[in-house]
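Enquirer: Pasting the feature list from TrEMBL:
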BINDING   A:LEU9, A:GLY10, A:CYS11, A:GLY12, A:THR13, A:VAL14, A:GLY15, A:LYS16  NADP(+) binding site
BINDING   A:LYS106  NADPH binding site
BINDING   A:GLU191  L-homoserine binding site
ACT_SITE  A:LYS206  active site, proton donor
DOMAIN    A:350-428  domain 'ACT'
2 protein chains.
Amino acid sequence: MKNVSIALLGCGTVGKGVVDLLQMNGHLISEQTDTHIHIKHVLVRDIEKYKNVGLDENLHLTDNFKDIIEDDEVEIVVEVMGSADFAKACIEECFRRGKSVVSANKDVIADCGIGLLKLAQENGADFQFEASVAGGIPIIRPMYSSLNANQIEEIIGIMNGTTNYILTNMTDRGLTYEEALKEAQEKGYAEADPTSDVGGFDAARKIAILAKLGFHAYVNVKDVSIEGIEGVTKEDIAHATAMGYAIKLLAVAEKNTDGISLAVHPAFVPKDHPLANVGGAYNAVYVRGNCVGDVMLYGQGAGSLPTASAVVSDIMNVIQHINTEMTGKRPYLWHETAVKDAAENKAPYYIRLIAANAPGVLANMSGVFAKHGISIRSLIQKDETKEAAEIVILVDSTPCKTVRFALNEIEQLTCIHRICNAIRVIEV
Amino acid sequence: MKNVSIALLGCGTVGKGVVDLLQMNGHLISEQTDTHIHIKHVLVRDIEKYKNVGLDENLHLTDNFKDIIEDDEVEIVVEVMGSADFAKACIEECFRRGKSVVSANKDVIADCGIGLLKLAQENGADFQFEASVAGGIPIIRPMYSSLNANQIEEIIGIMNGTTNYILTNMTDRGLTYEEALKEAQEKGYAEADPTSDVGGFDAARKIAILAKLGFHAYVNVKDVSIEGIEGVTKEDIAHATAMGYAIKLLAVAEKNTDGISLAVHPAFVPKDHPLANVGGAYNAVYVRGNCVGDVMLYGQGAGSLPTASAVVSDIMNVIQHINTEMTGKRPYLWHETAVKDAAENKAPYYIRLIAANAPGVLANMSGVFAKHGISIRSLIQKDETKEAAEIVILVDSTPCKTVRFALNEIEQLTCIHRICNAIRVIEV
């Protein structure tokens with residue numbers, strides 16, 4: 001049996017998961033790869049902190065990256081730190097020394113993935129990052145090695161556990177956004193500052209990574225039009241449920257003859273769409289290819305062992321490449337592709353607003369819709385009080401931009417108190 | 001750009017799909033692999049038959065396998081014939097000549113997959129068969145290259161489109177089994193002799209293939225306990241719906257400390273289980289690993305282009321291996337593992353029977369259950385007429401074998417007219 005020495009950069013949730021998994025399933029992994037994996041170093045910021053957390057005493061903890069980069073025995077470096085700049089610098093240094101890298105770092109890969117893949121290849125090293133998107137769900141490798149005979153037309157992901165937990169609990173238990181967020185924070189599903197999750201930024205990084213691979217395109221997080229779930233209310237959820245939809249935070253990448261568009265936004269998903277039933281901490285990625293049709297990959301999007309499952313499968317792949325002298329030899333294809341404004345994409349919309357309970361309101365409002373060529377599919381006026389009425393409108397497929405223009409104009413009407421929300425509707 | 005010559009054995013639905021896909025997406029495929037794929041020969045039984053079906057005139061049709069096997073330029077042979085014995089002989093001959101093979105042939109792989117993989121490896125050739133299970137859904141490669149860090153505990157598949165079409169239409173439209181089967185036959189979803197599908201034999205082959213790979217085990221179709229959907233009635237479906245379940249034909253592979261068990265049977269699946277919503281011609285495979293937890297892969301399980309998507313992704317993988325001199329070098333791990341009788345597995349059961357409408361029926365029947373240690377979870381007596389009553393029982397988790405013993409005994413009771421059905425219930 002061969003031996004391979006690896007080093008971990010970071011030993012947080014994912015790093016600890018890798019250590020645990022290699023202990024639990026080490027025998028099966030060695031048998032499959034005919035190689036024994038030895039964790040030679042673990043880079044941590046504060047060695048003292050890790051002295052009593054149940055790590056194997058034989059693990060060599062270090063706070064000096066030099067111990068790792070200068071150790072020629074270390075062939076694979078597993079980067080599970082989370083930070084962006086330092087991680088990137090470490091990864092680059094590994095490639096320059098011919099070491100292969102497995103990373104779970106979505107920030108680094110969303111921003112610099114293609115550059116790093118090229119650098120790895122130039123140096124005959126592997127760069128694998130299955131765990132950077134959707135935790136344990138196999139999606140990165142299937143995208144480039146199982147769905148690769150297809151022209152990928154669309155990728156839709158539910159890839160943020162925090163927002164999915166919040167939306168699921170608002171739906172199932174009638175919680176307000178604030179109540180559900182507070183509970184998520186108390187249970188550790190949301191950070192004290194939840195912006196990255198609820199604002200859609202985390203999902204944006206993940207869809208940027210998938211779009212790169214699926215469309216073979218130079219795209220970046222900056223190309224993603226981002227809208228979070230902060231504006232989704234209990235009332236929106238109730239209307240969605242009554243109308244046969246679930247509200248989900250979707251990350252959507254589309255490609256057509258005009259180019260690529262990338263967006264993260266809440267959406268009404270029909271209850272019989274497979275994505276509508278992806279609840280709680282589960283993630284799912286829906287891919288449409290021009291030959292395979294619709295494919296969905298579903299599983300746990302986070303967590304110590306599920307994420308470690310993806311990291312270790314990457315390590316096993318690198319080992320196989322080392323054993324067959326194939327590291328750095330997988331070809332990748334990248335194209336310059338036009339990225340268009342996602343606001344030009346068409347979708348039906350759910351619109352909720354509060355209007356004065358006065359004559360002429362509907363006439364004024366529908367006049368604005370008509371002027372912009374927006375066709376009203378259904379309109380329900382509800383919860384009337386003496387002064388105000390809630391109006392819920394479903395409009396036919398319309399460019400996002402046009403809906404915004406029309407709503408800006410409607411908001412100026414004196415009879416309109418407030419536009420509460422406008423949410424895209426996904427059609428099956 | 002490099003060139004690779006391939007040959008197709010067979011040009012039916014899947015073979016034609018491969019030809020079409022390579023035409024549609026050929027440019028993208030060449031770019032990714034830096035290799036141009038040339039279909040040099042197509043083996044068909046009757047050349048005349050293929051003269052006017054829209055195939056490229058430049059394709060070389062032959063009815064002689066020698067043209068292919070003796071052509072040293074052909075590096076990859078794509079076996080999409082469907083027949084078993086001749087296909088197996090062709091595949092073996094290819095390996096002996098060092099040619100790699102991509103196959104969609106579930107019969108051959110279920111029966112002889114491990115032997116063929118070994119023969120391929122001995123001869124430095126690749127053997128890939130992603131399309132043999134669940135059409136375009138990535139499952140074979142994810143199983144051995146993405147979920148491989150896990151001890152796989154359970155695999156549950158909905159992998160037969162015909163039965164799923166029948167059960168979905170019985171559920172959604174209230175059709176009887178006979179009506180739904182007739183419609184499936186008229187629409188081409190079921191064969192004139194539907195036994196292989198409705199009897200569960202097709203699904204059995206697929207679960208045998210997945211169990212081999214997931215459990216690294218020498219298992220065979222003969223190890224699968226098989227029960228089809230012929231006995232599922234409109235009444236069972238109605239009860240399932242009322243109780244919050246969907247009836248699905250499941251192929252189940254389980255591994256625990258006792259060994260492996262393999263079974264195909266209809267089952268009650270709770271409506272909020274992701275498998276319950278897999279409708280019509282869609283397939284899904286649910287995998288539980290000891291670290292990754294639950295993962296589900298979903299998509300179209302058949303059809304010309306979806307299946308070709310899997311075949312061509314295999315071809316692309318082989319090309320990459322040819323280009324890096326890696327064919328035949330992927331290691332596989334196989335263990336001798338005890339296969340136990342699936343009838344020893346425990347599950348809750350739904351039981352429906354018709355009894356005389358007379359005193360003492362429940363006492364007699366529940367006495368038999370009690371004697372066998374079977375605990376009744378719920379019992380509903382319905383549709384009473386003067387002479388007979390329908391009784392629907394849900395029993396707690398019980399070994400399949402014990403349920404059968406008890407029902408055999410109950411059937412002997414004079415007050416019992418008929419045991420209609422006993423169907424396992426899946427718990428989330």
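Each position is counted from 1, following the chain as shown.
Every residue, even glycine, has its Cβ placed from backbone N, Cα and C.
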Enquirer: Quick one, of the binding-site residues A:GLY10, A:GLY12, A:GLY15, which Cβ has the fewest other Cβ within 10 Å?
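Expert: Among the binding-site residues A:GLY10, A:GLY12, A:GLY15, the sparsest Cβ neighbourhood within 10 Å belongs to A:GLY12.
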Enquirer: Within 8 Å of the Cβ centroid of the NADP(+) site residues A:LEU9, A:GLY10, A:CYS11, A:GLY12, A:THR13, A:VAL14, A:GLY15, A:LYS16, which other residues of the same chain have their Cβ?
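Expert: After dropping the recorded site residues, what remains is A:LEU8, A:GLY17, A:VAL18, A:VAL80, A:MET81.
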Enquirer: Please classify the secondary structure at A:LEU9 (NADP(+) binding site) using three-state DSSP.
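Expert: Where A:LEU9 (NADP(+) binding site) sits, the three-state DSSP reduction gives strand.
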Enquirer: Which of the recorded positions listed here (A:GLY10, A:CYS11, A:GLY15, A:LYS206) have a Cα atom within 10 Å of the Cα of A:LYS106 (NADPH binding site)?
Expert: A:LYS206
Enquirer: Tell me the residue counts in helix, strand and coil for the domain 'ACT' (A:350-428), as DSSP assigns them.
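Expert: Its residues divide into 24 helix, 36 strand, 19 coil.
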Enquirer: Over the domain 'ACT' (A:350-428), what does the predicted model average in pLDDT?
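Expert: Averaged over the domain 'ACT' (A:350-428), the predicted model reaches a pLDDT of 92.
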Enquirer: Counting only other Cβ atoms and using a 10 Å cut-off, which of the binding-site residues A:LEU9, A:CYS11, A:VAL14 scores lowest?
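Expert: Counting other Cβ atoms within 10 Å of each of the binding-site residues A:LEU9, A:CYS11, A:VAL14 gives the minimum at A:CYS11.
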Enquirer: Which residues does A:LYS16 (NADP(+) binding site) neighbour through Cβ under 8 Å, counting only same-chain ones at least six apart?
Expert: A:VAL53, A:LEU55, A:SER304
Enquirer: Counting only residues 6+ apart in the same chain, whose Cβ is under 8 Å from the Cβ of the residue listed as 'L-homoserine binding site'?
Expert: A:THR162, A:GLN185, A:ASP197
Enquirer: Can you give me the Cα-Cα distance between A:GLY10 (NADP(+) binding site) and A:LYS206 (active site, proton donor) in Å, rounded to a whole number?
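Expert: Rounded to the nearest whole number, the Cα-Cα distance is 21 Å.
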Enquirer: Near the Cβ of A:LYS206 (active site, proton donor), how many other Cβ atoms are there if near means within 10 Å?
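Expert: Taking every protein chain into account, the count is 27.
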Enquirer: For A:GLU191 (L-homoserine binding site), name the DSSP secondary structure in the helix/strand/coil scheme.
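Expert: Assignment for A:GLU191 (L-homoserine binding site) reads coil.
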Enquirer: Distance between A:THR13 (NADP(+) binding site) and the residue listed as 'active site, proton donor' at the Cα atoms, whole Å?
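Expert: The Cα atom of A:THR13 (NADP(+) binding site) is 19 Å away from the Cα atom of the residue listed as 'active site, proton donor'.
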Enquirer: I'm trying to understand the geometry here, so how far is the Cα atom of A:VAL14 (NADP(+) binding site) from the Cα atom of the residue listed as 'active site, proton donor', in Å to the nearest whole number?
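Expert: Per the Cα atoms, A:VAL14 (NADP(+) binding site) and the residue listed as 'active site, proton donor' stand 17 Å apart.
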